[in-house]
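> What follows is a single structure, and I will ask about it in a moment.
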Amino acid sequence: MSFDLSRLSLTSSPRLSFLTRTATKKGFVRCSMKSYRLSELSFSQVENLKARPRIDFSSIFTTVNPIIDAVRSKGDTAVKEYTERFDKVQLNKVVEDVSELDIPELDSAVKEAFDVAYDNIYAFHFAQMSTEKSVENMKGVRCKRVSRSIGSVGLYVPGGTAVLPSTALMLAIPAQIAGCKTVVLATPPTKEGSICKEVLYCAKRAGVTHILKAGGAQAIAAMAWGTDSCPKVEKIFGPGNQYVTAAKMILQNSEAMVSIDMPAGPSEVLVIADEHASPVYIAADLLSQAEHGPDSQVVLVVVGDGVNLKAIEEEIAKQCKSLPRGEFASKALSHSFTVFARDMIEAITFSNLYAPEHLIINVKDAEKWEGLIENAGSVFIGPWTPESVGDYASGTNHVLPTYGYARMYSGVSLDSFLKFMTVQSLTEEGLRNLGPYVATMAEIEGLDAHKRAVTLRLKDIEAKQTQTK
């Protein structure tokens, strides 16, 4: 699968302009979403097209490092100070013991939605539990791999421009199934200094043990170093802004001895659509990602010449107009793009190069293309599978690799909360069968102590056999 790179022109492809809302007082203006034909791009141009906007972390690190150092030295006091500075909230208590908190009252429809989501997410992640397998590689040589839960984990649930209780479920449920003993959930407090009731409901349902009422880099630092009230964790999960991401990056390479789930960037979607896809659905799927924030990445891959682009344009303008977060969506679309593919092979080839966080395939007989997909965080197949179902309640996890990292990282799963150990056990016969080969390899590498650890035992086995004769 490859593009026809014989033509290099970028200028002959049509430009698809979407009517989207901007932050100006003029209301709605025409906002262009750049478009390209894949068959007219060179390899280097395709490489440039799939590259995400560069994030300059140098200045962000300059801001975040002092926060991390302050939390390390001052603990809860620093967390309170930064929460007052950034969130305008004075905290009396930084961490709550979830067992001491009552389950909050929720509207019955909201509670039912969370309960259905919980059941589906639990079922999908519970099914990921693997049985222990033992292999006898040669007579008397048995090897196996066993799993153990990570003892303490930190879960970051953003507050920011939107409350995300769904993220509490996505992170806490696999931790609950894995059997993590200490589960700290960090989330910014409300203006009253309390915990968002929807987040608290999900946290209690999914077995969270502590809630850290803080967000940003200070929350990540508190979980990494530990404070008087916040347990130190061994691995930190969850999405966040650039400051949260920077804190995770810094701390995983520090004396804190903490690991993280994956690198993170702005949220993104790539939609592959042909003439059978509804313009209404295409527009809705693009906007559902664009509304996350102005830095969201939105890509539309049009297959063939039968797609009604004008209808998509009209639907985007219509739907964006009624969105409370329409300004975010507008800004995201302004730096996103459309590509035109001659067929599905070309479309999927580009998608695999782009490696999107979310991939929607809305074409005729969409299921038959699943086998060609190599790089994507999560895939949504067919006209009745909007990205929203995976974001909330289908059962798959919505904490996924972004920024092209789907080429080498997986989304959060049950395995993310486990560590694996290998175990081997040899009988006398096993060492007699395997030992000479090990001794030879150790000798080649010049590691005499390794060799001796085997040969001393082999001599004892030989002596024992001689005595019994």
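Easy rule for this one: first residue shown is 1, then count along the chain.
Cβ atoms here come from the backbone N, Cα and C positions, even for glycine.
When I checked Swiss-Prot for this same protein, it listed these features:
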- 1-31: transit peptide (TRANSIT)
- TYR156, GLN218, ASN241: NAD(+) binding site (BINDING)
- SER267, GLN289, HIS292, HIS358, ASP391, GLU445, HIS450: substrate binding site (BINDING)
- GLN289, HIS292, ASP391, HIS450: Zn(2+) binding site (BINDING)
- GLU357: active site, proton acceptor (ACT_SITE)
- HIS358: active site, proton acceptor (ACT_SITE)
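Tell me what's around each of these sites.
Taking all protein chains in view, 27 other C-beta atoms sit within 10 angstroms of the C-beta of TYR156 (NAD(+) binding site). TYR156 (NAD(+) binding site) falls within a strand when secondary structure is assigned with DSSP.
For the recorded site, HIS292 (substrate binding site), the DSSP three-state label reads coil. For HIS292 (substrate binding site), the same-chain residues lying six or more positions away in sequence with a CB closer than 8 A to its CB are PRO266, SER267, PHE328, ALA332.
Other Cβ atoms within 10 Å of the Cβ of ASP391 (substrate binding site) number 21 in total over all chains.
Reduced to three states, the DSSP call for GLU357 (active site, proton acceptor) is coil. Around GLU357 (active site, proton acceptor), the C-beta neighbours below 8 angstroms that are at least 6 residues distant in the chain are SER267, GLU268, VAL269, ALA376, GLY377, SER378, LEU400, PRO401, THR402, ALA406.
Summarising the environment of HIS358 (substrate binding site), the number of other Cβ atoms within 10 Å of its Cβ, over all protein chains shown, is 25.
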> If H, G and I count as helix, E and B as strand, and all else as coil, what does DSSP give for GLN218 (NAD(+) binding site)?
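GLN218 (NAD(+) binding site) sits in a helix per DSSP.
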> C-alpha of ASP391 (substrate binding site) to C-alpha of GLN218 (NAD(+) binding site): distance in Å?
26
> Need this for a regression test: binding-site residues TYR156, GLN218, ASN241, filtered to those with Cα within 10 Å of GLU445 (substrate binding site). What's left?
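Hits: none.
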> DSSP three-state call for ASN241 (NAD(+) binding site): helix, strand or coil?
coil
> Taking just the CA atoms, what is the gap between GLN289 (substrate binding site) and TYR156 (NAD(+) binding site) in Å?
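Taking the Cα atoms only, GLN289 (substrate binding site) lies 20 Å from TYR156 (NAD(+) binding site).
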> Neighbour count, 10 Å Cβ-Cβ cut-off, for SER267 (substrate binding site): what number do you get?
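I get 23 for this one.
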> Once near-sequence residues are set aside, which residues in the chain of ASN241 (NAD(+) binding site), 6 or more away, have Cβ atoms under 8 Å from its Cβ?
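Non-local contacts for ASN241 (NAD(+) binding site): PRO158, GLY160, GLY216.
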